[in-house]
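Below is one structure, written out as structure tokens; the observations come after it.
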Amino acid sequence: MDLYNLVKGIIFILTAIVGVSGNLVILVSFYHIALQERKFVTAQVILLNLAWANMIMALTRGVPHSLFIFGLRFLFDDIGCKIVVFASRVSRAMSICLTCLLSCFQCITITKSTLKWLSLKGRMQKYVILIIIGLCVMNMLVCIAAVLFSVSSTNTTNLEYTFNLGYCLVTFPDQLSFQVNGFAIFARDIIFVVLMALASAYILLVLFRHGRQVKGIRSSDRNNVTTAEGQATKTVVTLVTLYVLFFGIDNTIWFYQITVSKEVHSIVSDIRFFFSVCYASICPIVIIMFNPQIRNKLKASSSEQETQVQEISSTQ
């Protein structure tokens, strides 16, 4: 194994481990909180589904890549390839859409409480599950090419109009189907990323205006407000930066693939997959850092474990 493949394999397996474990922490924490409070709020519902999407993406992108690099060449047959590639693409799409939905919901939440915005917020809270199901159905339809054209890497030698993932190939019959599928995915990504960026920019604007309004408040209250604003601002800026960095590079390469290149080499796919798996791995870290409920739950669990260890030690 050459140095490139060794480094690539280690990077992919590490990002997969971080992505799966980080998102699993979010899922367990929120389910534990829900059992105690006997309810899920809207933001928690979105974050739970986002964690599921990111974990599936880490499993279906990072793990197969790592296994393929370390010598397991024929991981899947045609049906296995269709399932893995389809799950990979749908989970990636849901990650984008759910982050956009979360940004839009937070944008509506901090907007002035007019009747119009309160009504919209109420409808989002009432129909959030249906909205998520609708997004999932839409993404399944957009990603249907993965089911139609994914095959095992052993079943074809013609790599024209083909996405070469190493362990699987997505082979399109002609240039038209190749480009129609590519532009559909590219357009969907751009629409949701732009919506998310606009919502995040509006949140920053509201926080900036609010910060100017509280300058006359006494020092202790102003410090509390500033802390809350700073935490919210860091969350928004971090998520937007991650999207601009990871999905910006991802979509730039994707656009090149569908407009210039007929044969999509495995190295190009490696770069795209790396940036998408990076988001699935780093996103849960950001959520854990800036979500006080999860942090408090982790601290409480750690304290309970330390107490149990001390009790066991004292009885021995």
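Here the Cβ of each residue, glycine as well, is placed from N, Cα and C on the backbone.
Note: TrEMBL annotation is automatic and uncurated.
Taken from TrEMBL as is:
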TRANSMEM  12-34  transmembrane segment
DOMAIN    22-287  domain 'G-protein coupled receptors family 1 profile'
TRANSMEM  40-60  transmembrane segment
TRANSMEM  93-115  transmembrane segment
TRANSMEM  127-151  transmembrane segment
TRANSMEM  190-208  transmembrane segment
TRANSMEM  236-259  transmembrane segment
TRANSMEM  271-290  transmembrane segment
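Over the domain 'G-protein coupled receptors family 1 profile' (22-287) the predicted model carries a mean pLDDT of 81.
Touching of the transmembrane segment (40-60) and the transmembrane segment (127-151) is concluded from the presence of at least three CB pairs under 8 A, sequence neighbours closer than 6 excluded. The list of residues near the transmembrane segment (93-115) in space but at least 6 beyond its ends in sequence, with Cβ under 8 angstroms from a Cβ of it, reads 42-43, 46-47, 49-50, 53-54, 57, 121, 124, 128, 131-132, 135-136, 139, 142-143, 185, 188-189, 192-193, 195-196, 199-200, 202-203, 206-207, 236, 239, 243, 247, 279-280, 283. With a cut-off of 8 Å between Cβ atoms, the residues of this chain six or more beyond the transmembrane segment (236-259) that come close are 96, 99, 103, 163, 178-179, 181-183, 185-186, 189-190, 193, 196-197, 200, 203-204, 268, 271-272, 275-276, 278-279, 282-283, 286, 290.
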